[in-house]
Amino acid sequence: MADVGDVLMSVLSTIRVPKPGDRVHKDECALSFASPESEGGLYVCMNSFLGFGSQYVERHYARTGQRAYLHIKRTRKTKEEDNNSGSGHPPKKKPTRLAIGIEGGFDVEQDQYEEDIKVVILPDRQEVTSEDLSSMPDVVRDRVRFTSSMAGIVAADSVSHTLQVQQWDGEVRQESKHAADLKQLDNGVKIPPSGWRCEVCDLQENIWMNLTDGKVLCGRRYFDGSGGNNHALLHFQETRYPLAVKLGTITPDGADVYSYDEDDMVLDSKLPEHLAHFGIDMMTMEKTERTMTELEIAVNQRVGEWEVIQESGTTLRPLFGPGLTGMKNLGNSCYLNSVMQVLFTVPDFENKSVLTPSRYSKLGYGLLSGKYSKPALDPGEENGTSEARVRDQIGIAPRMFKALIGWGHPEFSTNRQQDAQEYLLHFINMVERNCRSGTNPSEAFRFLVEEKIVCQQSQKAKYTQRVDYIIQLPVPMDQATNAEELQEAERRRDEGDASAPTVRAQIPFTACMAAHSEPEILTDFWSSAVQAKTTATKTTRFASFPDHLVIQIKKFTFGLDWVPKKLDVSIDVPDTLDLSALRATGQQPGEELLPEVAPPPLMTPDVEVKGILGSQGNEEDDSLYSPLLSPALDESTVSHLCEMGFPLESCKRAVYFSGNTGIDAATNWIMSHMDDADFTAPLVLPGCSSGAGTTPTESISEEHLETIVSMGFSRDQATKALRATSNDLQRALDWIFSNTNDLESMDISEGGRSAAESESASEPPPGPRVRDGPGKYELFAFISHMGTSTMCGHYVCHIKKDQQWVIFNDQKVCASEKPPKDMGYLYFYRRVAD
């Protein structure tokens, strides 16, 4: 034991006790997807609190010299052990709010584990348990420090747990403002415990009771004609009685309560009292009706979308191996799972990974290596004979990746469902920002678009080019090939025929392409040729064809009442695609160009400003139209862009050259000018000296330096990380762990810049790099969405691997029997040779 004491004393100076605010990574390895449940367990550095799998802990020790690690190994208990834990225990309390790991929310630890915890001292891997520490002589100084560090790491919330609570907590139904003082009429109405019918139309489903007068009426009519006949809503419009409860959802734990006045599902803290007023004993009621969430899923399933896309009607054969790894759903993270599965099928992203931990390759290694593509079996099972069990993989949980990519973003940092197309563009943007000096895998999708505008009065033309990554195809519903069938189904629903079938519109893919490529009419175009506003046409063509082409079907739109809705369509998307006819031709022989004359100060060049943002302000607000008239920059827009991760000077240029017209225009400018040679050059405003409009280089925060150095990195490495991330500590930490392979060769000069930086700084960055080739493609993947809007529902993807279609449905990876290619949302094509 004396030897143990000597060893502990030798590492005492590197031991820290977690303080409030420290990030403790005890669920997942920083460089792989190893966890405490993995073979070998997880080693948590007792200085930086970073976790490492058994494969990488020696590497961290070699680089940092850190010797003391808390080793955590968890073994899942068998079901028998869980069931024998004692019959006297009360049942788990039903969740009452949509939150994770907090009072009233969901329990994140659904499985029960046995934990083995000890301190491991490298390089000899000497093990010290808490019992060893407690039995050490009192003369061993600071024994308490080790005990406190161990206890602190064990007790601290892991980073993933903290993020889940932050992301989910708050998505809670709010107390209705009418609940406390709700008026209830003494009209003698008593409601029976069952057998409810709408008092107007006799409907027996989706029945709501008004909590003021006890009227029992049917609910709203849904988009497909089901649901109800709006009688409860009409009753509110006549009486203004605000609250209604859905009969059939009442249980001792609560019920669905809707406030028509607040237009939202709400909480009613006095619900037992309000129900008792009409003779309903809440404690004796049982659930007989689906909740609103269940009903939404059921509506989609009646349409058939969920079964068709997930291929629910067939027994799918599970697949395992490299490139066939499932991803755990972290709570509405299916959009991320689907997009990343497809991206790591693209050779550029596969090659970037190189199957070794580096910038984005932790996820790539997890998906491509096959190491985690194994059946998830219950403890004690020898093989996966149960079809239901074997279809779920161990898979990977991309917690750190999701936190890194979504950091600071108002949507992607939450656990809300997101639009897969928006996430794809966000991720490409992140890649663009982090791959300026090296291989950029997003170039596989980048292409140039040529826009040709022809003044109809002078017949002179203007040509512009911009960078893009996705083609967005409109859905011309008037081109449906089954129009008569659609009209008949709509007529029957309007007449109240509950047996009317749900018919999906059949739209030809050629009609979508034609709607996208046909000339757009600009009715308010300022022509430099005639020096006045006139009509023009705008035609969009490909100035280059990318190696991989992404096509988005614009299924999501707004109804006449401005309520978001999803078009229920089937589109005959082809397996092969030839876009050669859409190649841009540039200026034609004999064609005259519009003069390069600036419009008058009070005249907006519509296609450059209003064409993007729509009409804003009035003609007297010159700052909306000409950046030269208003050199003052909107600081809030500059700040917002900086928070998105763009360089400060680039943000200033974006706000200035977009005319101070807001965040959308500035973001659009950045996306179109990211490859300009002067993209990050200091902005020089008209009439100012070369230093005007800029700020001096920020000095590196000494506090931030010390924080990173305390984690085992050198001062030069910390300086490099902070300089690369504008002195942002959190981004610097993300950066340094994404560039671990480059740290050993880092050569920082006394001035704080490496030789490579100094050399590259003297060379202007190249223009937009695009690949070009034939416009012939073949389909290799598509992402499908189920649900009524991008903010709800579920995403899955289908990918063609070795001539076999494979469905990736979170942790389920199976051979596809009937890939629903006609119901996709995002389609991915790759170039084929002539």
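Glycine is treated like the rest: Cβ placed from N, Cα and C.
Here the structure is a predicted model, which means the values were calculated and not measured.
Annotated features, as they stand in TrEMBL:
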ACT_SITE  C334  active site, nucleophile
ACT_SITE  H794  active site, proton acceptor
BINDING   C198, C201, C218, H231  Zn(2+) binding site
BINDING   W208, R220, R221, Y222, F223, Y258, Y260, D263  substrate binding site
COMPBIAS  749-762  compositional bias 'Low complexity'
DOMAIN    174-282  domain 'UBP-type'
DOMAIN    325-832  domain 'USP'
DOMAIN    632-673  domain 'UBA'
DOMAIN    699-739  domain 'UBA'
REGION    75-97  region 'Disordered'
REGION    747-773  region 'Disordered'
What is the interatomic distance between the Cα atoms of W208 (substrate binding site) and C198 (Zn(2+) binding site), given in whole Å?
8
Rounded to a whole angstrom, what is the C-alpha distance between C334 (active site, nucleophile) and H794 (active site, proton acceptor)?
6
Of C198, C201, C218, C334 (the recorded positions), the residue whose Cβ has the fewest other Cβ atoms within 10 Å:
C201
If you compare CA-to-CA distances from H231 (Zn(2+) binding site) to each of the binding-site residues R221, Y260, D263, which comes out shortest?
R221
Taking the center of the Cβ atoms of C198, C201, C218, H231 at the recorded Zn(2+) site, which other residues in this chain have a Cβ no more than 8 Å from that point?
E199, V200, D202, L203, I207, L217, G228, N229, N230, A232
Whole-number Å distance between the CA of H794 (active site, proton acceptor) and the CA of C218 (Zn(2+) binding site)?
28
Cα of Y260 (substrate binding site) to Cα of C218 (Zn(2+) binding site): how many Å, rounded?
14
Cβ-Cβ under 8 Å from R220 (substrate binding site), same chain, 6 or more residues apart: which ones?
N206, G227, G228, N230, A232, L233
For the binding-site residues listed here, W208, Y258, Y260, which shows the highest count of neighbouring CB atoms within 10 A?
W208
Note down the number of other Cβ atoms within 10 Å of the Cβ of R221 (substrate binding site), including every protein chain shown.
16
Just the number: how many Å between the Cα atoms of D263 (substrate binding site) and C218 (Zn(2+) binding site)?
17
Which whole-number value in Å describes the distance between the Cα atoms of C218 (Zn(2+) binding site) and Y258 (substrate binding site)?
13
Treating G and I as helix alongside H, and B as strand alongside E, what does DSSP give for the domain 'UBA' (632-673) in helix, strand and coil?
30 helix, 0 strand, 12 coil
Relative to the Cβ position of H231 (Zn(2+) binding site), how many further Cβ atoms are located within 10 Å?
20
Take the C-alpha atoms of Y258 (substrate binding site) and C198 (Zn(2+) binding site) and report the distance between them in angstrom, rounded.
17
Residue, out of the recorded positions D263, H794, whose Cβ gathers the largest set of other Cβ atoms within 10 Å:
H794
Restricting attention to the domain 'USP' (325-832), give the mean pLDDT.
76
